[in-house]
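J.: Relevant sequence annotations retrieved from TrEMBL are reproduced here:
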| type | residues | note |
| --- | --- | --- |
| TRANSMEM | 127-147 | transmembrane segment |
| DOMAIN | 136-412 | domain 'Sugar phosphate transporter' |
| TRANSMEM | 159-178 | transmembrane segment |
| TRANSMEM | 198-216 | transmembrane segment |
| TRANSMEM | 222-242 | transmembrane segment |
| TRANSMEM | 274-294 | transmembrane segment |
| TRANSMEM | 306-327 | transmembrane segment |
| TRANSMEM | 339-365 | transmembrane segment |
| TRANSMEM | 372-390 | transmembrane segment |
| TRANSMEM | 396-415 | transmembrane segment |
Amino acid sequence: MGTVVRQGTPTPLFLPSPPTVSRDFVGSIKSGGGSEKIQSFAPSAALPGLICGFVAERWDLPGWPDAFLACVGMGVWESILGRDGRRFVKRKDSDAGEHGRALEELRSSMYSDFHTSEGAKRQQQRLCGPFVAMTFNFIVAVGIIMANKVVMGKVGFNFPVALSLIHYVTSWFLMAIFKALSLLPAAPPSKATPFSSLFVLGVVMALATGLANVSLQHNSVGFYQMAKIAVTPTIVLAEFMLFSKKVSLQKVITLGIVSVGVAVATVTDLEFNFFGACVALAWIVPSAVNKILWSNMQQTGNWTALALMWKTSPITIFFFMVLMPLLDPPGVLSFGWNWNNVAAIIISALFGFLLQWSGALALGATSATSHVVLGQFKTCVIMLGGYIFFNSDPGMVSLFGAVVALCGMSFYTYLNLRDSKESSAAAIKQLLPKQNSFSLKPKTIIDEEDNTDAINPV
């Protein structure tokens, strides 16, 4: 026994002599390389050792900090808890490891969902099904109609191509912010989709939007609606020529009924001039190709709506800048850019971003033909809503045409749902034999391992 007297303390402190522990052994404990017993207690036994080492250093006891870190870590905690406590500590350590692995798996899955094109597409398909995407597009379309009426009517900004250019520039700016915040979905590798496809999509998008605005400016609403109705058979023909996609006879008849109903409901006058008719006819093909490419690239590749918008927007903006001096009247720079007018245009641009996004989601979740039918559905619903809620009187013939078109759209939706159920059932039947073969193989491996263990017991 040794007696240690510290100056300034009235009573001597009696402690046993420090145990003899080699410095190499203590160093191995500190570095985590000691015995297996110490490693199993590393998360739990370090606390008493550190406390005792602090006390020893506080009382100037040379040799005690390292000794306590070694000896107390090995024995004191085990003597307090016993063997059950040791097993408890081991179990807690293993639980902590399992929790760590679970967090790591969660982190990797979240990274895959947001930073890979495959994961981003799965998230879009899971969150934005056909019903959600088409409902989103319908609501935004109604909102942008109101916003553009304010911009074109009350504000007097009669520059449709320039307005479309402002819409796409705003969309690109918002997506740049998303990308800076790592919120923009990842795009597939450049080798997966050639640049020519993205370039064609950007060009036809600019042509479809710009020519539509010019057609509406030079033609009557009835002639513009007739051109929109002509987009439906153009899509069916183009998909058959490009992708050999066939449409059933029931769908063809249903689409014909929808087109006739929409024509009766909306085509009340056919006033047009030669230039307006040429623009309307030139608009039909880019509009159909635009919808087909948006739908096909999302469904066949790992493209999401935002990723495809991010890649094609610069091309579209460039061609809008080319079309603006050709199709817009002069005087856009001399327009009255006050705060009220700028605020109205910015609100319209925000709706334009939402409309472009929701339209891309709807095309990715359904098809080009379904998106055209959705546009005709919006026209009929707006007409019937004005008659019911705002006492507008489009005439009994137009109302009858709208009702016929809605009935045809309902039956077309039923046919699409039936086809999707049949295709999903066929896919499940094809996967079942593969799953059975995979499930039988591990069982054979397990049986062989069990037999090996029985022959060669450990």
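From the backbone N, Cα and C atoms, a Cβ is placed for every residue, glycine too.
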J.: Do at least three C-beta pairs under 8 angstroms join the transmembrane segment (306-327) to the transmembrane segment (159-178), pairs 6 or more apart in sequence?
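T.: Per Cβ check, the transmembrane segment (306-327) touches the transmembrane segment (159-178).
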J.: Name the range, of those listed as 127-147, 159-178, 274-294, 339-365, 396-415, that has the largest tally of Cβ pairs under 8 Å with the transmembrane segment (198-216).
T.: 274-294
J.: Residues sitting near the transmembrane segment (372-390): Cβ under 8 Å, six or more positions beyond its termini, same chain?
T.: 134, 137-138, 141-142, 145, 225, 228-229, 231-232, 235, 255, 258-259, 261-262, 265-266, 291, 362, 366, 398-399, 402-403, 405-406, 409, 412
J.: Counting only residues 6 or more past its boundaries, what in the same chain has a CB within less than 8 Å of a CB in the transmembrane segment (222-242)?
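T.: Sequence-distant neighbours of the transmembrane segment (222-242): 215-216, 252, 255, 258-259, 262-263, 266-272, 276-277, 280-281, 283-285, 287-289, 291-292, 368-369, 372-373, 375-376, 379.
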J.: In the same chain, which residue numbers or ranges, 6 or more beyond the ends of the transmembrane segment (339-365), come under 8 angstroms Cβ to Cβ?
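T.: Distant Cβ neighbours of the transmembrane segment (339-365) are 124-125, 128-130, 132-134, 136-137, 140-141, 143-144, 147-148, 150-151, 154-155, 157, 163-164, 166-171, 174, 291, 294-295, 298-299, 303-306, 308-309, 371, 374.
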